[in-house]
Amino acid sequence: MPRLLATQSHVVHGYVGNKAATFPLQCLGWDVDCCNSVQFSNHTGYGLDKVFGTITRETDLKELLSGLFDNFSQDYQALLSGYLPNKNSVRCMGTYYAKFKEANPEMIWLMDPVMGDEGQLYVSEDVIPEYRKLALSPKQLVDIITPNQFELEILYGGEIKTKEHLKKALKKLHQTIPVIIVTSCDCKMFDDKDFIYCVASMEGKTPIVYRVPFIDSYFTGVGDLFSALLLDRVYKILSNPTTTLKFEDQVNNVLNVIQKVLKITRSYASGKMKAKMGSALEMKEMELRLIESRDIYETINIHQTDYIYARL
């Protein structure tokens with residue numbers, strides 16, 4: 001059974017961060033160890049005045065990761081990092097994840113550089129240099145990143161307004177990162193606002209554009225679930241040189257699973273409710289139904305829709 005260390009947020013109620021990643025990965029046969037970067041009552045979509053809890057101090061995070069490295073440096077097959085609240089926590093995570101990678105170069109690290117979306121930062125600007133150091137490290141520590149377009153622009157260091165800009169950004173980051181999944185791209189770059197566009201790129205191969213129907217509601221934890229499922233699928237490819245699994249098919253499968261989870265979640269909501277930020281009642285209704293979706297995480301368990309749209 002493969003083992004994974006995940007460092008990201010934790011909520012007591014609901015499903016984001018480690019709460020969104022752990023159960024699906026366990027269903028897929030992973031032994032998951034969670035290191036929580038924050039511990040909140042619920043996610044921030046309920047409204048900032050309805051979130052209670054604490055940020056894990058750098059000294060505490062360091063002590064936890066240090067202990068895990070000293071005791072289990074050879075025990076993990078994969079590393080996952082998601083939301084980290086400040087530059088010190090990013091730096092601390094990066095320092096220890098680098099040690100894990102140096103101790104076991106076969107370990108796969110997926111980094112979700114959570115910084116913001118649609119031109120707005122969720123974190124302080126001093127987090128940016130820390131993520132850029134990790135993404136652009138000549139040591140090539142990170143194997144997979146899952147930024148949205150805004151986060152990709154930050155890592156790349158320039159605006160992305162055309163497909164050519166996108167290809168240049170991917171080419172630059174592929175100098176240090178083998179697998180890049182841009183989880184959402186500006187629909188203006190393509191042709192239809194009724195769809196979400198995702199771009200998957202593996203070093204040395206033509207980037208693939210996926211087009212997924214837009215579900216008109218606000219969900220939280222989707223990116224965390226996506227990263228967890230993607231890590232599982234890519235691990236199955238990279239850890240088995242004789243595999244017949246194809247990268248583009250595995251990404252397509254993850255998108256199918258995500259769509260199915262969102263539809264299941266929507267089906268439990270009252271009437272035609274669609275959640276929006278700051279509405280506690282609506283957010284409660286739209287918490288991801290991960291337990292109800294437990295039978296669909298495996299590739300073979302759901303009907304596959306081909307979301308491949310184009311190649312860059």
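The backbone N, Cα and C atoms fix where each Cβ goes, and this holds for glycine too.
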According to Swiss-Prot, Ser9, Thr44, Asp224 bind substrate; so which of Tyr122, Tyr131, Tyr307, Tyr309 is the extra one listed there?
Tyr122
Could you check the binding-site residues Tyr122, Phe219 and say which one's CB has the fewest neighbouring CB atoms inside 10 Å?
Tyr122
Integer Cα-Cα distance in angstrom, Arg211 (ATP binding site) to Asp224 (substrate binding site):
20
Hey, what's the widest CA-to-CA gap across Ser9, Thr44, Tyr122, Asp224, the substrate contacts in the record, in Å?
15
Going by Cα-Cα distance, pick out whichever of the binding-site residues Ser9, Thr44, Tyr122 is nearest to Phe219 (ATP binding site).
Thr44
Using C-alpha atoms only, work out the spacing between Thr44 (substrate binding site) and Gly223 (ATP binding site) and round it to an integer in Å.
15
State the count of C-beta atoms found within 10 angstroms of the C-beta of Thr183 (ATP binding site), not counting that atom itself.
25
What other residues of the same chain, not counting Ser9, Thr44, Tyr122, Asp224, have a CB atom within 8 A of the CB centroid of the substrate site?
Val16, Gly17, His43, Gly82, Tyr83, Val114, Thr220
